[in-house]
Amino acid sequence: MEFLPISLDAYRLGFIGAGKMAESLARGIVQSGLLPPSRISTALYPTPGPPIDFESFGVRVLPKNENVVEESDVVIFSVKPQIVKNVVLKLRPLLGKKLLVSIAAGIKLKDLQDWAGHNRFIRVMPNTPAAVGEAASVMSLGEGAIKEDGQLIAKLFGSVGKIWEAEEKLFDAITGLSGSGPAYIFLAIEALADGGVAAGLPRELALGLASQTVLGAATMITKTGKHPGQLKDDVTSPGGTTIAGIHELEKGRLRGIFMNAVVAAAKRSQELSEK
């Protein structure tokens, strides 16, 4: 089946699933000016906690998912992995030639395409920093998705961070690194702050310094393009304080622990996707 490019000037975007990730994406898209909120819609469904007020930033809330699909050219499925099959199958008669996107972890393109009845599908793996506009997302194009589809989705997800394209076979490893990675860094920041407290700092100051230090270090890598090993060497003077701290980290096998965490999470992702 041949698909024509979607008009960038007039396309309408719909979210099936009105949770936190849908909110982050919708807010980012609106704030970036990529789409006016009047061209974005969703339908509320039961979620833990109070419902998100999409209308507060201009997104239209329709009565049912079917209404969202009928009014959209691009449909993003942002529902839990365990219900995505039933949701897609229920909407299948309405999906036609629309560009479909799934952000459900562990659900393969082949299955998504089978359930939808066509292969104009793109799978995206975002992560939770999308909520603050700093997501690390990766996309893989389905068999029927054309180059222009990929460019359109890259712009949408680029409004809440950075996005890369990769083969779908790499998605378990991507889940282990960027999908689960924020939690590893939260743990590292908490540990750095605890170290500051142990060394005599007030808790609030220690946490502020730890958070900003991690943010600053990451920004130096992305903005300078230098290898992290080089940046580490640049601030490690002979017999100084930094090398004394690094020596302790090396004795504790920090590098190996981080590597093992990524590999373990990737393995678990693979196990879950095979169920």
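Any Cβ shown, glycine's included, is placed from N, Cα and C.
Curation does not apply to TrEMBL; its annotations are automatic.
Within the same chain, residues at least six positions away from I16 (NADP(+) binding site) with a Cβ under 8 Å of its Cβ are T42, A43, N65, V68, V69, V75, I76, F77, S78, V79, V87, L91. Under the heading NADP(+) binding site, TrEMBL lists I16, G17, A18, G19, K20, M21.
Around N65 (NADPH binding site), a 10 Å sphere centred on its CB holds 23 further CB atoms from the protein chains shown. Marked as NADPH binding site by TrEMBL: N65.
Residues or ranges marked as domain 'Pyrroline-5-carboxylate reductase catalytic N-terminal' by TrEMBL: 12-106. Residue counts of the domain 'Pyrroline-5-carboxylate reductase catalytic N-terminal' (12-106) by helix, strand and coil are 41 helix, 19 strand, 35 coil (DSSP-based).
Summarising the annotation, TrEMBL assigns domain 'Pyrroline-5-carboxylate reductase dimerisation' to 168-272.
On the 0 to 100 pLDDT scale, the domain 'Pyrroline-5-carboxylate reductase dimerisation' (168-272) averages 97 in the predicted structure. Per DSSP, the secondary structure of the domain 'Pyrroline-5-carboxylate reductase dimerisation' (168-272) breaks down as 89 helix, 0 strand, 16 coil.
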